[in-house]
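A short worksheet on the structure shown next.
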Amino acid sequence: MLCRLASAGRSSAKLIAPLGCLVSRQKHTLPDLPYDYGALEPHINAEIMQLHHSKHHATYVNNLNVTEEKYKEALAKGDVTAQVSLQPALKFNGGGHINHTIFWTNLSPNGGGEPKGELMEAIKRDFGSFANFKEKLTAVSVGVQGSGWGWLGYNKEQGRLQIAACANQDPLQGTTGLIPLLGIDVWEHAYYLQYKNVRPDYLKAIWNVINWENVSSRYATCKK
């Protein structure tokens, strides 16, 4: 299943870009968190953060490395069938690594509130108000069927912000072309130990730890 653009109301997808040279690449590694596991409490507890980062994200990284090794072997052999069969694993584990790497930086114990400057101006321009934006991204994230992500992305071609929902670990940019600015993980492993099956309560809480400085920095960078 591919990402769904909320503003367009239809599915949009792009094929996964061919991998670059795998022969001389270094293995992917689990990034360190920029804060302690308990730093986001009471909004996201330490047990969730530790399991989410050290177990779930680490698994995506390990599986991505294994899959890329297999892909490298398939390339060397010219085995196109094997290359094609590995695409789902590359997409899932590669997307999981990309998504979570963004997610950790999108959060901060000093987060919450509202963005400032150019990002706030863009939000008002494209969504009417910050309240409307927050309500829409929350609704899209709540509405993800099963597991997935809610995203705020930048449409570089149109020069505007867009909200999208992505299933599973589908990476936003790789499947929609939108540049990721803010991602909200709505897999149950991101909240179940604290919020059980009440996803709306988790989404209400996560706004208290959104790192708007990081989101604003991403916005400024993608506009260049």
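If you go along the chain as it appears here, the first residue is 1 and each next one adds 1.
Using the three backbone atoms N, Cα and C, a Cβ is placed for every residue, glycine included.
What TrEMBL says about this protein:
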BINDING   His52, His100, Asp185, His189  Mn(2+) binding site
DOMAIN    27-108  domain 'Manganese/iron superoxide dismutase N-terminal'
DOMAIN    115-218  domain 'Manganese/iron superoxide dismutase C-terminal'
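Secondary structure of the domain 'Manganese/iron superoxide dismutase N-terminal' (27-108), assigned with DSSP and counted as helix (H, G, I), strand (E, B) and coil, comes to 59 helix, 1 strand, 22 coil.
For the domain 'Manganese/iron superoxide dismutase C-terminal' (115-218), the DSSP counts in helix, strand and coil order read 54 helix, 24 strand, 26 coil. Residues near Asp185 (Mn(2+) binding site) in space but far in sequence (CB under 8 A, at least 6 apart, same chain), listed by position: His52, Asn99, His100, Phe103, Trp149. When the binding-site residues His52, His100, His189 are compared by the number of other C-beta atoms lying within 10 angstroms of their own C-beta, His189 comes out lowest. Those same-chain residues not listed among His52, His100, Asp185, His189 yet with C-beta within 8 angstroms of the centroid of the Mn(2+) site C-beta atoms are His53, His56, His57, Phe103, Trp187, Ala190.
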